[in-house]
Amino acid sequence: MQGEDSFQILVQPENDSLPLMEINTSKTEASEPWDYVLVVNRHTKREHRNIYLQFLENLKGKGFQYEVKNDQKKIFCGIRAESRIFDLYCTLLLEPEDQAPTQRLTPIPPTTRIRIVNFVLKNTTAAGDTLGDLVKKGVFEAKFPLHKGGGDLKTTWARWRNMFQKQPIDDIRCYFGEKVALYFAWLGWYTYMLVPAALFGLITFLSGFSLFNASQISKEICEAHDIFMCPRGDHSRRYQRLSDTCTFAKLTHLFDNEGTVVFAIFMALWATVFLEIWKRQRAKVVLHWDLYGWDEDQEEMALQLINDPHYKLQQHEHSYLRSTIILILSLFMICFMIGMAHILVVYRVLAAALFSSSALPFLEEQVTTAVVVTGALVHYVTISIMTMANKRVALKLCDFEKPRTLSEQESKFTIKFFTLQFFAHFSSLIYIAFILGRINGHPGKSVRLAGLWKLEECHLSGCMMDLFLQMAIIMGLKQTLSNCIEYLKPWLAHKCRSVPGRESSDPELRDWKHNYHLNPVHPFSLFDEFMEMMMQYGFTTIFVAAFPLAPLLALFSNLVQIRLDAIKMVRLQRRLVPRKAKDIGTWLQVLKTIGVLAVIANGMVIAFTSEFIPRVVYKYRYGPCREGAHPEVDCLTGYVNHSLSVFYTKDFNDSVRIKGSEHITECRYRDYRNAQDYNFSEQFWVLLAIRLAFLILFEHVALCIKLVAAWFVPDVPQKVKNTVLKEKYQRLRDKYQRFQKMCSSPKSTTV
């Protein structure tokens, strides 16, 4: 009961429950809100009783007030800070140097109140344990700030029907703090900028439809009834007509055409423009919030002094030994991630052997497609499992490094976790794009795994089809299945937790119980959302040359993701502890890194995975147009025959076991080798040199475009710079005028 010196907690003295006791609380004003709630089980162990009472008394000694309310099974402790704590905070940070704290007229924002209370709670100890330790030991069952004043966000933001409406960023900031508001501001801008990228990618993809039946290469493949392809593996012990791959050849041309190069360069420019304009947007928002000159270290030190007046400054430290150990362990984990990609290779090889012996005729005929699809599913499951393992490893490495502050810890954790996640997500794609089918040898002399199983080869229509399918399945699953799980899991958990029971007559206790029954959050809740978006951004830009529809899928996913996150934070989860920030922190460096990796990866995909370079070289060096264009002849006439090497069936070691080998004397396979000794031909080396030259040229052109775009678009708008400049000038002008008055005042008195 508020306003009383003491009150009783009625608890049955049976078993290990708490006995009847009196807890003294300081007198409080009814108008002051409760900022935080701690929850204790009524039947907690006896040894925990004194600890949690000592914790509450320690809080009281720091200037905090608490009130205890009983429920049938739980004890709820409301926590709030006295006004002198906020006056001290204003003195240290908010008030001008010449203004006394007593002149503060504006109330402290709820986000600031919660942030201060949470910091002191985290650093308050009882029996040598912090609040986090006490929660782990079961002394406290839960801790959370209260949802209050979020009704407007529920109606204007956290609803599916508002999917296409503008986000109330200022309202989000006033309720969840600047860090959450900046996340949604960035996500909204990223989604907005995906529109041109999605349209360009869709046009690139659809442009292939205009040549769906007119492509010379597709025509030749569909008419190649007399060309037989060599058996591609142990699962395929028969010759296959090249014309059987007609449909896949046409589909491959949808994303492996001349527009792919232009689209890849466009995406390199898009990534740079997106980041540069985001920096401008951030500068406007931060200036509007009056945080342009805010100092995070100063805020951290102020909170430390509020918590402990005898706080001693913890200085920056660096240990080369510790850094070396962390580097070695990180490299070990990266090698482990690459090893997981090799395990996926082994799965694909074994799955090919398994499907080939299947009783289902469909699987026997479509072994390659079945292996690619199931391999992508296995990769998705592997990603989900390794994400949990990577987070634990990154946390251990971060704790071993002993960061000085929470922000420094978050920055170091971000770098480590992203590095591990990058290799977990992209190792398999790197293998498919640049290794698959390139180390297999040739028919009659194939490289085998453990001397038994033949390594998997690319799809008959080319490795771009494998990469396209892998990207499509992983992105499709991550954008649909992951979003469904992300929404349904907290929704179902909330429904299960909020089981109807006897309602309390105390409206305040009912509110506390409602907050308690919401899904718990942890310090990395917002971090997980950022990481999910970074991985999506990686899929949208890296290897986008093989999957032009990636920006379109990301656009649809983000429209759902924004409202999904809003509904979770406002309706399904306990309130996040507000964090102050003036940028998205280390994530900006992650985005820049992904942009550079995207240029390198897309250049390599076009050079080594796509058929773009072989087509261009054939057109101008080997084809009918090498001496000049002929209107009546397509310049790619004969390209299919040129790109397939010849193998004589008599050179097979076990040609008798191959079905239909009686009347076939030669078969073809995708490579550039001589028919006599099966060594690499002249065309192979010419193509390799041109591929490398194109890769160097593409990367330099794309990176130069990125640099020019970054220079051309200033990070901070001139209006923001001028506003900050005027504020600095005005402060100096005011100080100068006060100084002039001080100098002239004695003279006036003397006269």
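Note: Cβ is positioned from N, Cα and C throughout, glycine not excepted.
Checking TrEMBL for transmembrane segment across the ranges 417-439, 693-715 points to 417-439. With pairs at least 6 apart in sequence, the transmembrane segment (367-386) and the transmembrane segment (537-564) have fewer than 3 Cβ pairs within the 8 Å limit; the two do not touch. No contact links the transmembrane segment (417-439) to the transmembrane segment (260-278), because fewer than 3 Cβ pairs that are 6 or more residues apart lie under 8 A. With DSSP states grouped into helix (H, G, I), strand (E, B) and coil, the domain 'Anoctamin dimerisation' (106-169) comes out at 31 helix, 8 strand, 25 coil. Put simply, of 180-206, 325-347, 367-386, the stretch with the most CB pairs closer than 8 A to the transmembrane segment (584-608) is 180-206. If you take every residue in the domain 'Anoctamin dimerisation' (106-169) and average the pLDDT, you get 87.
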